[in-house]
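As written in TrEMBL, here are the features:
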| type | residues | note |
| --- | --- | --- |
| ACT_SITE | Asp323 | active site, proton acceptor |
| BINDING | Lys25, Ser26, Arg30, Ser170, Gln172, Asp323, Lys350 | 3-phosphoshikimate binding site |
| BINDING | Lys25, Gly97, Arg125, Gln172, Arg354, Arg397 | phosphoenolpyruvate binding site |
| COMPBIAS | 1-19 | compositional bias 'Polar residues' |
| DOMAIN | 12-430 | domain 'Enolpyruvate transferase' |
| REGION | 1-24 | region 'Disordered' |
Amino acid sequence: MNQRPLNVSRAQTGLQGTTRVPGDKSISHRSLMFAALAAGQTRVSGLLEGEDVLRTADAMRALGATITRDGDNWVIDGRGVGALSEPEDVLDMGNSGTAARLLSGILATQPFLSVMTGDASLRSRPMRRVTAPLSETGAVFETREGGRLPMAVRGTRDAKPLHYRLPVASAQVKSAVLLAGLNAHGETTVEEPVATRDHTENMLRHFGVNVDVEVMSDGGRRIALTGPAELTARDVVVPGDPSSAAFPIVAALLVPGSDILITGVGLNPLRTGLFQTLQEMGGDLSILNERIEGGEAVGDIRVKHSALHGVEVPSDRAPSMIDEYPVLAVACAFAEGASRLLGLEELRVKESDRLAATVALLNVNGAATTVEGDNLVVHGGGGSLGGGHVVTHMDHRLAMSAVVFGLAAEKAVSIDDTAFIETSFPGFVALMNALGAGIR
Ligand code: S3P
């Protein structure tokens, strides 16, 4: 990707108007993968047409599914759970950890060889968290040093079902194990000590698979399904991505005079930790017109400029807002008083080391932070902010967080590269400008 540097100056007027953010990334990946595993034809509306999801579409095509675009819909002719075919070439998952990890679960039980790679960011991310449990099916994974991509997978015809307790709160690992279970013989179970996003469970049910979810006495969950399972094609409606909505929402809270409405945002309760946190900070954020669309909770979010104060975010909230910490940290930098964000260990293994990169974003722009183990303290209200150069490390959410910082700061913020925004939020700068951000 060609590098795209950007300078962002303070917004001259409040953000105003009504908008819609692109489709949910998690749900979009799953819709393409699960439709490819289903018998029959699936139509998906609202699919995120970002780079990450397009990589998943290419991979599922390479594995034998037919995927085309028909007007605003995507149409997938599936192959059935055990009926994918050996790809002729390396599967390139680009920047997407979700694509690579979920696909690993599918490939573990396909009796052929696949090779998977990704860009420099993805090639630095840990895959052992999926290859360790998935190897127990009988599949063989060969990775580079440190469990990194590129990786070869020799799938097994005769997969053993897994019983796995997640050592880290990860929906990707949970999903990989469940996807392997679809084509194993017998019951697969996953236990998660803290509930993580449940789009895999919801969508598998939507495609007709029996997925059992039991809430355990410690508040965690035990998820079970029995293979071999059959998926039946069903149309999918993808809601707007709450993780994308986070950026215009925080910008509107911070830029004086703002009043915006974002329609059709996914409100799955395992994704809404940021909205709760912003309300706790004094943010004027209201959820209107709550409804169910395509099996997921959806609503419209109205946000007005607000004076924010510091907050403490408990670590058990982290899975419900794991992708939102960089932009929350930006909000905290402009809030009055200190904010304590607890239990951020998983941020170190995202598209970048997001803990280090977020700290650098804030510090270079004059906001003070303290890192205490896995906790981040942001010291808000510290006078004139901005004027720094942000290094984004191929991380879309870092780039968008830096844009939001620049819109609110006294001095302009320069950003080394905004090209990776295309992975999750195509048209981000244009959408912000339509609201009046004035980014040139
Ligand atoms: C995702 C799960 C999360 C999240 C990622 C999408 C998913 O990752 O950060 O953007 O779609 O399952 P982890 O499972 O690594 O926490």
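Cβ from N, Cα, C; glycine included.
Structure with TrEMBL features highlighted.
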residue: Lys25; record: 3-phosphoshikimate binding site; contacts (Cβ under 8 Å, 6+ apart): Leu48, Gly50, Asp52, Val53, Thr98, Asp241, Ser243, Ser244, Ser424
residue: Ser26; record: 3-phosphoshikimate binding site; contacts (Cβ under 8 Å, 6+ apart): Thr98, Ala171, Arg197, His199, Asp241
residue: Arg30; record: 3-phosphoshikimate binding site; contacts (Cβ under 8 Å, 6+ apart): Leu102, Ser175, His199, Thr200, Met203
residue: Gly97; record: phosphoenolpyruvate binding site; contacts (Cβ under 8 Å, 6+ apart): Leu122, Arg125, Gln172, Lys350, Glu351
residue: Asp323; record: active site, proton acceptor; contacts (Cβ under 8 Å, 6+ apart): Ser243, Ala246, Lys350, Arg397
residue: Arg354; record: phosphoenolpyruvate binding site; contacts (Cβ under 8 Å, 6+ apart): Tyr325, Pro326, Leu347, Arg348, Asp395, Arg397, Leu398
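Only residues 6 or more beyond the boundaries of the compositional bias 'Polar residues' (1-19), in the same chain, are considered here, and those with a CB under 8 A from a CB of the stretch are 248, 251-252, 255-263, 305, 386, 402-403, 405-410, 412-420, 422, 429, 431-432, 434-440.
Closeness to ligand 1 is met by Gln172, these being the binding-site residues among Arg30, Arg125, Gln172, Arg354 whose Cβ falls under 6 Å from the molecule. Each of the binding-site residues Arg125, Lys350, Arg397 was assessed for Cβ neighbours inside 10 Å, and the highest tally belongs to Arg397. The maximal spread of the phosphoenolpyruvate binding site, taken as the longest Cα to Cα distance among Lys25, Gly97, Arg125, Gln172, Arg354, Arg397, is 19 Å. Sequence-distant neighbours of Ser170 (3-phosphoshikimate binding site) (same chain, 6+ residues apart, CB-CB distance under 8 A): Arg129, Thr196, Glu346.
Residue environment of Gln172 (3-phosphoshikimate binding site) contains 23 other Cβ atoms, counted within 10 Å of its Cβ in all protein chains.
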